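Taken verbatim from Swiss-Prot:
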- Asp294: active site, proton acceptor (ACT_SITE)
- Leu173, Gly174, Ser175, Gly176, Thr177, Phe178, Ala179, Val180, Val181, Lys196: ATP binding site (BINDING)
- 438-453: compositional bias 'Basic and acidic residues' (COMPBIAS)
- 60-116: domain 'FHA' (DOMAIN)
- 167-433: domain 'Protein kinase' (DOMAIN)
- Thr443: phosphothreonine (MOD_RES)
Amino acid sequence: MEEPEEATQATQEAPLHVSQNIAKQVVNNENVFMKLVMTRMLDGKTEVIPLTTDVHNGFWRFGRHKSCEVVLNGPRVSNFHFEIYQGHRNDSDESENVVFLHDHSSNGTFLNFERLAKNSRTILSNGDEIRIGLGVPKDEISFLCQVPVKHSRDSQKNMIKSENSHYEIIRTLGSGTFAVVKLAVEVNSGKWYAIKIINKRKILLTSSEKRATEMFQREIDILKSLHHPGVVQCHEIFENDDELFIVMEYVEGGDLMDFLIANGSIDEQDCKPLLKQLLETLLHLHKQGVTHRDIKPENILITNDFHLKISDFGLAKVIHGTGTFLETFCGTMGYLAPEVLKSKNVNLDGGYDDKVDIWSLGCVLYVMLTASIPFASSSQAKCIELISKGAYPIEPLLENEISEEGIDLINRMLEINPEKRISESEALQHPWFYTVSTHEHRTPPSSSEHEATEQLNSSS
């Protein structure tokens, strides 16, 4: 398909425009063959685009040209970038219907992080991610594909049902020792959720049934009681004989660790509102009597408009049986406070308070500013020694030109004596928040930042 002659520079128009005539046709249309959830837009807003066979014979064109069914504006968008349509898998009219993605772009269309060959087509499936401008975060536009249940093969196999809702599983988001997290869509509302599925039998093998039940109930009560914009919200909780399901809001931007690995350190001035958000969330949690105990970049999720939400309140992680605390928490040891490591009898009522979260958040701040881990060693014993002494390297902070106020705040958050460690409310009043960084944002990352990103990759 030839692209019309038109200027290729970026425009100042809205990033997304769907023809009003088309928009009216697709509302409540039973002929929708796919929904695209725009999980990353230039304006930070999430849009849902239902694709129907009633529009343009079922061929949906995406691009910058005004004749496209979906008009996208951005420096990486071609006039006709790609099209999506429904068709037969092969030339036979009796073959099954599938959904095709056909690339026509100059700058590239990416499917699940792989660039498609120009003018090639591929079959789309539930949970596929289409991207434009991959590798340039400020220009990136992305879509998440949802095939309606009636078009999905083995749909019943991929369904989870509670008393009031049906969820279609799209793909796996992550997994741990006792739990797996799935991306799912609630069939009736079309809303996206992250469902944590906890294997109760695995937990019961490592702990008494009474202890496990008490821990479950305690954590469930915490999840139900937390209502704050800085906390991932719980939608519903239900269970069967083998599994417990926690349905949480889906935060589309991924976690902070993935962001840092992809983009390197965050400019000091840009870190200030992010840390402020996290401190305010911790202040709320601690006032509610909740200590998170596992603050780390992987448990901090990012919305499209870069609001941070704390997740994972340890339902799968706090359960441990005969294994030692360090064996259970070895993956997150680099963020643990000294008093936690020194505690000989670690349990939910251990001898430490909510200052442990301040220490962990100090580590997170260090990681954001430097893209490196403050307490890292190939030896577990050496890592414990470094944490116990509060001995983190100052060089990455100096190389990133972090201000004296920024270094002072980190020092006060990483104070090994919890009684002397700064509190959330004190940290929010620290001079760092009220000084302006004198150096500009550094782009592209330097070679030292590249090495730091490699360290993050190896530690995550």
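Cβ from N, Cα, C; glycine included.
Here the Cβ of Val181 (ATP binding site) has 20 other Cβ atoms within 10 Å, regardless of which shown protein chain they belong to. Taking CA atoms as the reference points, Asp294 (active site, proton acceptor) and Val181 (ATP binding site) are 17 Å apart.
Under DSSP, the residues of the domain 'FHA' (60-116) split into helix, strand and coil as follows: 0 helix, 25 strand, 32 coil.
Around the Cβ of Ser175 (ATP binding site), the number of neighbouring Cβ atoms within 10 Å comes to 12. The binding-site residues listed here are Leu173, Ala179; among them, Ala179 has the most other Cβ atoms within 10 Å of its own Cβ. Residues Leu173, Gly174, Ser175, Gly176, Thr177, Phe178, Ala179, Val180, Val181, Lys196 are listed as the ATP binders, and the farthest two of them sit 15 Å apart at their Cα atoms. DSSP gives Thr177 (ATP binding site) a coil state; it is part of no helix or strand. Each of the recorded positions Thr177, Asp294 was scored by other CB atoms within 10 A of its CB, and the lowest score goes to Thr177.
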